[in-house]
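Novice: Below are the structure tokens for one structure; questions will follow.
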């Protein structure tokens, strides 16, 4: 049986070698972000989220902490913190699961089959139960506003500041600040 630290390294490496973009700030393998795309043929299709992953020292025997960094409108995701309410992660986690399971099975299933009877976002749950069409429109609105990776949408960064730039800028060597004219 391998140690938890070796398993952690192996699982993170498997995730990095897959189709997921993994950002490891400070080169730490116990805290990182993963780029997650909404499932095809769902109201979340086209959305791109940064998902924060924190692995406890006892991983894989203890479940990871998973949270959306950019906003998502979903009954089982807290709108402010991004925390995810998912039984398989929070209550029935098993060392047989790995990080790929989370991104290839658990999160897509969560987005495809929300559970409004066990909400973290009461507004999303209520709207989903009362008016599914309006709920889907709000999901699409959030995807456009917070989860598009095209550089032209308004996206909140981790500091809470909004970036409203259109991604277009121009520059020339003549305009570099601090450059001395010789």
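From the backbone N, Cα and C atoms, a Cβ is placed for every residue, glycine too.
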Novice: TrEMBL lists region 'Disordered' for one of the ranges 117-149, 150-182; which is that range?
Specialist: 150-182
Novice: Can you give me the same-chain residues 6 or more apart in sequence from residue 85 (active site, glycyl thioester intermediate) with a CB-CB distance under 8 Å?
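Specialist: Within the chain, residue 85 (active site, glycyl thioester intermediate) has Cβ neighbours under 8 Å at 76, 77, 78, 115, 118, 119, 120.
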